[in-house]
Amino acid sequence: FLLLWSAVLIMYPTSLAVIALTFSNYVLQPVFPNCTPPYNASRILSMVCLLLLTWVNSSSVRWATRIQDIFTAGKLLALALIIIVGFIQIFKGNYEELTLSNAFNFWMTPSVGHLALAFLQGSFAFSGWNFLNYVTEELVDPRRQNLPRAIFISIPLVTFVYTFTNIAYFTAMSPQELLSSNAVAVTFGEKLLGYFSWVMPVSVALSTFGGINGYLFTSSRLCFSGAREGHLPSLLAMIHVEHCTPIPALLVCCLATLIIMLVGDTYTLINYVSFINYLCYGVTIIGLIVLRWKKPKIFRPIKVNLLVPITYLAFWAFLLIFSLYSEPVVCGVGLIIILTGVPVFFLGVYWRNKPKCVNRGI
């Protein structure tokens with residue numbers, strides 16, 4: 001319940017807000033080439049995009065999945081272009097920033113805590129690795145083939161693409177230029193693609209548009225499932241009679257994201273989201289190991305070697321302990337966000353004999 005509460009309250013709205021703002025920044029960057037796009041213009045465009053995709057997801061599951069397929073293909077093509085240009089740069093000898101002497105030339109000596117926090121923030125880019133599990137009910141034959149196959153293909157592919165894209169960036173930019181750029185891919189395109197530099201903002205905008213669609217699709221299913229289990233108001237478990245889409249859950253996800261955009265410092269919230277994510281993932285993996293030990297004979301459609309979760313837990317413990325040590329305020333706020341769900345659980349879920357007026361309201 002606490003994971004569900006944190007996800008609905010802060011995790012997915014923050015992630016959606018970040019992707020939507022990235023979309024608006026890349027769309028507006030060519031219009032404002034010499035400065036950061038205006039705050040209000042960026043927010044308004046992000047909201048329009050979010051509302052449009054909420055309508056699409058509410059209207060048809062088929063439309064939503066088609067958009068996801070098309071824009072994912074476009075995203076991979078754009079990233080492939082960046083990687084190819086990066087390799088061409090390397091073959092030309094333009095890899096000064098990738099040499100060992102420059103790659104590890106820090107302007108400040110990082111502590112172990114800083115490294116842990118860097119991993120925690122970097123993990124935000126990979127935070128969608130478990131989203132496929134949220135839509136297993138809508139997959140064909142998820143247990144035997146499709147779910148494991150999709151995971152085995154997607155995670156190595158994303159890791160490969162993400163790593164080599166960043167290597168390509170460093171063939172054209174120094175770390176300082178990369179950090180100061182408001183739209184990294186645009187800066188990369190301006191330096192190396194010349195007349196075709198317009199391809200980069202268009203490609204990233206299309207990529208993030210598909211990302212918003214994917215987040216809406218999966219997060220609404222999590223909200224829908226939680227309501228069906230009695231952990232959220234029953235209204236959120238309702239679906240449209242004709243379209244078979246969870247419209248109430250989609251509207252809640254959309255509304256929470258709009259609120260985050262309006263009142264939240266979105267990029268500061270990334271730290272809180274990353275901490276909450278990793279804390280919940282680790283507890284989930286611990287639960288898997290406990291179940292293997294206490295209930296070894298139960299049926300498991302998908303089963304992995306115990307070495308996999310144990311290795312994950314070792315890395316998880318390193319990240320969590322040193323993040324707590326180096327950034328106690330960030331981690332403390334993350335814990336507070338999770339714990340705000342405790343009274344909600346006891347009032348809304350644990351308390352069974354509620355008055356009829358309360359039950360009707362829920």
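Positions of Cβ are set from backbone N, Cα and C atoms, glycine also.
Annotation comment: TrEMBL describes 1-17 as signal peptide. What TrEMBL lists as transmembrane segment is 41-58, 70-91, 111-129, 150-172, 192-216, 237-263, 269-292, 304-326, 332-351.
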**Asked** Given the transmembrane segment (237-263), which of the listed stretches 41-58, 150-172, 192-216, 269-292 has the most Cβ pairs that are under 8 Å apart from it?
**Response** 41-58
**Item:** Candidate ranges 150-172, 192-216, 269-292 - greatest C-beta contact count to the transmembrane segment (41-58) (under 8 angstroms)
**Value:** 192-216
**Message:** At a threshold of under 8 Å on Cβ distances, which of 150-172, 192-216, 269-292 pairs most often with the transmembrane segment (70-91)?
**Reply:** 192-216
**Fill in**
Within the same chain, the residues 6 or more beyond the ends of the transmembrane segment (150-172) and with Cβ under 8 Å of it are 76, 79, 82-83, 85-87, 89-90, 94-95, 97-98, 125-126, 129, 132, 178, 184, 187-188, 191-192
